[in-house]
Amino acid sequence: MTTNYIFVTGGVVSSLGKGIAAASLAAILEARGLNVTIMKLDPYINVDPGTMSPIQHGEVFVTEDGAETDLDLGHYERFIRTKMSRRNNFTTGRIYSDVLRKERRGDYLGATVQVIPHITNAIKERVLEGGEGHDVVLVEIGGTVGDIESLPFLEAIRQMAVEIGREHTLFMHLTLVPYMAASGEVKTKPTQHSVKELLSIGIQPDILICRSDRAVPANERAKIALFCNVPEKAVISLKDVDSIYKIPGLLKSQGLDDYICKRFSLNCPEANLSEWEQVIFEEANPVSEVTIGMVGKYIELPDAYKSVIEALKHGGLKNRVSVNIKLIDSQDVETRGVEILKGLDAILVPGGFGYRGVEGMITTARFARENNIPYLGICLGMQVALIDYARHVANMENANSTEFVPDCKYPVVALITEWRDENGNVEVRSEKSDLGGTMRLGAQQCQLVDDSLVRQLYNAPTIVERHRHRYEVNNMLLKQIEDAGLRVAGRSGDDQLVEIIEVPNHPWFVACQFHPEFTSTPRDGHPLFAGFVKAASEFQKRQAK
């Protein structure tokens, strides 16, 4: 089987939406029956985004196999059925780390290790490895053409086109076509210069995706085609839309998938986008609206919670409810009190690290519990709910997590000291261990308690969800909290760790140690988020009576 590669680059400015465009194209190709995957190559020096600030970089998306990756992989999984893995994302830092390890080991037999050929060869090897077994692989190059950091990646894909053959490789370039209000026209010059930059390093784009706030007129597309040496039918207009789920249809309507299939000599049926049409219909025709407060510590950059925000929207789709998400800084709860939580139909506390804002989250969990407001806690959101219950119901004064107060009297949340690494070996870690790559990561099995709320929601006795955390419920103090009424609704496959808690005699109070947002998709939703939005809607109706 021959694998075909589509290399996706961006020019003029960053944040054009390369990830969404690549994922949308992949969705169309998948709808034509092709086996498709997507890779993201990030030019930064960090080995992975695991230790990067969410306020700078956005969320860290966790794959099934436990890789901490770029948030674009979340977009990929929400658009196509193929699950991402650690093979789908790597960085300059990872490449250099691998090459330097080989150099120290003597693998290069004393050769002078250089960017070309050693770094570029390592990039090519990883791309080929990630593409094995697929009909089409889309490879998104992070950053903007012209950045120094991207040059090794661009050189590597240029070489791949020569080595694999142009009949099995395509270059797709996203570029900005700005509208000038003063003259009342769009301007193509930035696109021409961006393509010129690509040409200077030996890459001739085959497809141009023109990003604009409006449809790019046919005469302007013809002009771009002429001056950029691209067929006119391969110049695609991609205007701003009110829903990203409209983009597959927008690209298909301009024949992009047909052009690619002909170029790769792929004989496959027409794309059936009926599932996406259903998503668009549900999104455009809600029967009601709810307001859900998300109380977090990184809310100045909503991308820090990208998957949670999308999962809430998916929960809305499954209930035909429009979800209005109100982002609330947990530190504001500490300084201004619970007044800012009033008027919400439900409350969600997402994950996070560090002590800043945690007391505000604990106050939030208590407010939801005492006022019968639907509550969903994720990761840290579960831990603060447990701390609240321990303090205010189980009479464990000043209960806390050892992450925040190492010597507290009631450490109801504590560090896991024994881990299994990716090779299955037992490893002992402590608070002094490296931060990078030292968490419970990836898909883990969870057993649900028979008569629990989550057992009803999932309609299954055992589930698999993804984790990203270092701290767990302290089993030594668990009995005292359970005796006070808290219910453990889910445990790890080996029955050792608490995964889900519920508050009995509450309309809807669920908190989980895992991250359900990573497996939510617009077509399928997720049981927890669908149930949570439904509970918010029911709470709203009760309040209106």
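Placement of Cβ uses the backbone N, Cα and C atoms for every residue, glycine included.
The candidate list ASP70, ASP72, ASP303 contains one residue that Swiss-Prot assigns to the ATP site with SER15, LEU16, GLY17, LYS18, GLY19, ILE20, LYS239, ASP240, VAL241, namely ASP72. L-glutamine binding, as stated in Swiss-Prot, involves GLY352, LEU380, GLY381, MET382, GLN383, GLU403; the candidate among ARG263, ARG470, ARG487, ARG491 given for that site is ARG470. Across the structure, CYS379 (active site, nucleophile) and HIS515 (active site) place their CA atoms 7 angstrom apart. The recorded positions shown are SER14, GLY19, PRO190, GLU517; of these, the one with its CA atom nearest the CA of ARG470 (L-glutamine binding site) is GLU517.
Residues GLY352, LEU380, GLY381, MET382, GLN383, GLU403, ARG470 make up the record's L-glutamine site, and a Cβ search at 8 Å around their centroid adds GLY351, PHE353, CYS379, VAL384, SER401, VAL413, HIS469, TYR471 from the same chain.
Rounded to a whole number, the distance between the Cα atoms of GLY381 (L-glutamine binding site) and GLU517 (active site) is 13 Å.
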